[in-house]
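Asks: Pulled these features from Swiss-Prot for this protein:
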type     : residues      : note
ACT_SITE : Glu159        : active site, proton donor
ACT_SITE : Glu266        : active site, nucleophile
DISULFID : Cys284-Cys290 : disulfide bond
DOMAIN   : 31-329        : domain 'GH10'
SIGNAL   : 1-17          : signal peptide
Amino acid sequence: MKASSVLLGLAPLAALAAPTPEAELSARQAQQSIDALMKAKGKLYFGTATDQGLLNTGKNSAIIKADFGQVTPENSMKWQSLENTRGQYNWAPADALVNFAVSNNKSIRGHTLIWHSQLPGWVNNINDRNQLTTVIQNHVATVMGRWKGKIRAWDVVNEIFNEDGTMRQSVFSRVLGEDFVRIAFEAARKADPNAKLYINDYNLDSPNAAKLTKGMVAHVKKWLAAGVPIDGIGSQGHLQSGQGNGLAQAIKALADSGVKEVAVTELDIQGNNANDYAAVTKGCLAVPACVGITAWGVRDNDSWRPQGNPLLFDSNYNPKAAYNSVVQALK
């Protein structure tokens, strides 16, 4: 465990014991930190997604500092954002997020290294196996190497399964077959041996879904047996109202695949969602391998799907019933 991790582990206890300063409470408008409560239950964090622009908007920064213990960059670490033109890197937005997190003792989740979407055209146009292998290895080494030791976990591969559990068609699977998964994870382990390496996907929201059973769990078991260094599975958790209990059960099914960790990585729940947020929180608490939950944003109108009011804070940064349901689930 790094020294920063030790400090993170001690901070919530102090936060629970001491009264919250009035000025801080006004800035964040929540009575209790769900991150502090989560850590008091033995988990690592309750986090949120953000990026440079959001950190400079309204009360986002103050709320993240007070109520969340982990951050995931929503877009700034995706391949197209970092290297849309080959060899020309745009580091500034991602650097800003990392610097914010480090200076405020927040854990970081790197998102994401290998993904079929938001991918530069020059990568999509590669047809040679050896060339694509080298490009993957260099990308992973360069990106992870820039923040080595600062990022706790990485989504190494993202959204690689179809709904029936088969592998999604992409430049990676077309040119390399399933072997791109091994190539990416081995490169990631070499780039930062201490980082936790994840495979991440959506619609893993029912323990009986084919995408979970025939896709994620079956493949991860096979890859682990072959020595692929996968540490964890991330279930994104982009839910509709009423799906919270299904995801809670699915967390256990994912943990049973043999990975060391599971996490809910991009949680948002459309509709009347307080009961669902509570169910997901309790589901993570019930599974020892579940290390934490990340909400996919702070307030509703900054969400990628704002029409369903899916997050924990409303447009005025007031904590919603969903936030309070998480607080109650953690008591």
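A Cβ is built for glycine as well, from the same backbone N, Cα and C atoms used for every other residue.
These numbers come from a predicted model, not from an experiment.
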Asks: So which of the active-site residues is most packed in, judged by how many other Cβ atoms lie within 10 Å of its Cβ, out of Glu159, Glu266?
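Replies: Highest number of other Cβ atoms within 10 Å: Glu266.
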Asks: Measuring CA to CA, name the entry from the recorded positions Glu266, Cys284, Cys290 that ends up nearest Glu159 (active site, proton donor).
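Replies: Going through Glu266, Cys284, Cys290 one by one, the closest to Glu159 (active site, proton donor) is Glu266.
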Asks: Looking only at the domain 'GH10' (31-329), what is the model's average confidence as pLDDT?
Replies: 98
Asks: By a simple count, how many Cβ atoms lie within 10 Å of the Cβ of Cys284 (disulfide bond), its own Cβ left out?
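Replies: A count of 25.
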Asks: Any same-chain residues 6+ apart from Cys290 (disulfide bond) with CB under 8 Å of its CB? Would you list them in sequence order, or say none?
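Replies: The answer is Lys43, Ile251, Ala255, Glu261, Val262, Ala263, Val264, Gly283, Cys284.
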Asks: Would you mind pulling the DSSP three-state label for Glu159 (active site, proton donor)?
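Replies: In three-state terms, Glu159 (active site, proton donor) counts as coil.
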